[in-house]
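Going by Swiss-Prot, these are the annotated features:
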SITE      41  site 'Part of a proton relay during catalysis'
BINDING   42, 198  pyruvate binding site
SITE      103  site 'Part of a proton relay during catalysis'
ACT_SITE  129  active site, proton donor/acceptor
ACT_SITE  157  active site, schiff-base intermediate with substrate
C-alpha cells in the first residue's frame, strides 16, 4: 500500500465524534484504494478518551472497508500503549502506528525496550513513528538495527524532515518499508528509498494524492503540493486540513478539541483559491492517468 491517509477525527458542535462524517471520509479513501491511519496526531488521539477511541475503531471496522485500517498507538505510557494494542486486536484492524515515547526523550536502550515491549504483544504489522518534533527525540538508527529481525516490525513513518535520515534507515534495514510522513517531501524521500506516503492532504484530495504518489517527479505536481503543504503548515496539524474539509463539505464542521482551535487559522480567504488550483490540476491528471 503506497498511500495511507492520516485521517482526521470529525467532531459535532457538542464535541462528540461525528460518525456520519467519519463514514464519508473513510469511503472516499476506499474509493481510491488508499489505506487509512486512525487516531494518529492528525486524528487528535490525545484529546479522546479510550472509550471514544474504541468506538471509532469499532465503527470503522463495521464499515467492512476493502482497504487497510492502521490504528495509532499512544506514546504516553507503556501500560496505556500495551493495553490499547491488546484492546484493538479484538477488532479486525490491519496494523499499528506506534509513536515514539513523547516528552521523556529516552536513550537508545530505553527506546529499544519501549518498542520491543509493544511489538511483543501485537500480532499485526507495526509501523514505528519517527516524529522528533513531538516526541523530543528521533528513532535512533541503533533502535532500527536492534529491532530489524522482529517479525512484526514492518516499517517506519518518517516525519523527521531529514532526507539523510530516511536514507540511513533504508541502509540499516533494506527490507523495511519507509513511509514519508511529510506530503511535501515525498519526491525527495522516494528517491532515498521511501516506498509510500502517509498523507494529511489526502483527507481532502484522496484521488489527487494517489496520483501524486504514483507520479512524484512531475514538477507541476510537486509545486502545487508544496504550496498546499505550506498552507497547512501555517498552523498546528490538523487545524488547516479540518478547515479545508469543512469548506469543501467533506466534513460537517471544522471543530477541534482544545488545546487546538480553529481560531488559530488566520487566512481562510485562500481556501477557494487552493480548491480551484487543485481542481484544475485534477482535470489535467484525469487526462494523464486515463
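Glycine is no exception: its Cβ is also placed from the backbone N, Cα and C atoms.
Across the fold, the C-alpha of residue 198 (pyruvate binding site) and the C-alpha of the residue listed as 'active site, schiff-base intermediate with substrate' stand 7 Å from each other. Shown in sequence order, 6, 7, 8, 200, 203, 237, 238, 241 are the residues of the chain, 6+ apart in sequence, with a C-beta less than 8 angstroms from the C-beta of residue 42 (pyruvate binding site). Calculated from their C-alpha atoms, the gap between the residue listed as 'active site, proton donor/acceptor' and residue 157 (active site, schiff-base intermediate with substrate) amounts to 5 Å. In the structure as shown, the Cβ atom of residue 198 (pyruvate binding site) sits within 10 Å of 28 other Cβ atoms. Local packing around the recorded positions 103, 129 was summarised as the count of other Cβ atoms within 10 Å of each Cβ; on this measure the leading residue is 129. Taking a C-beta cut-off of under 8 Å and a sequence gap of six or more, residue 157 (active site, schiff-base intermediate with substrate) has these contacts in its own chain: 97, 127, 128, 129, 130, 131, 179, 181, 198.
In sequence order, 6, 72, 131, 134, 237, 238 are the residues of the chain that are 6 or more apart from residue 41 (site 'Part of a proton relay during catalysis') and have a CB within less than 8 Å of its CB.
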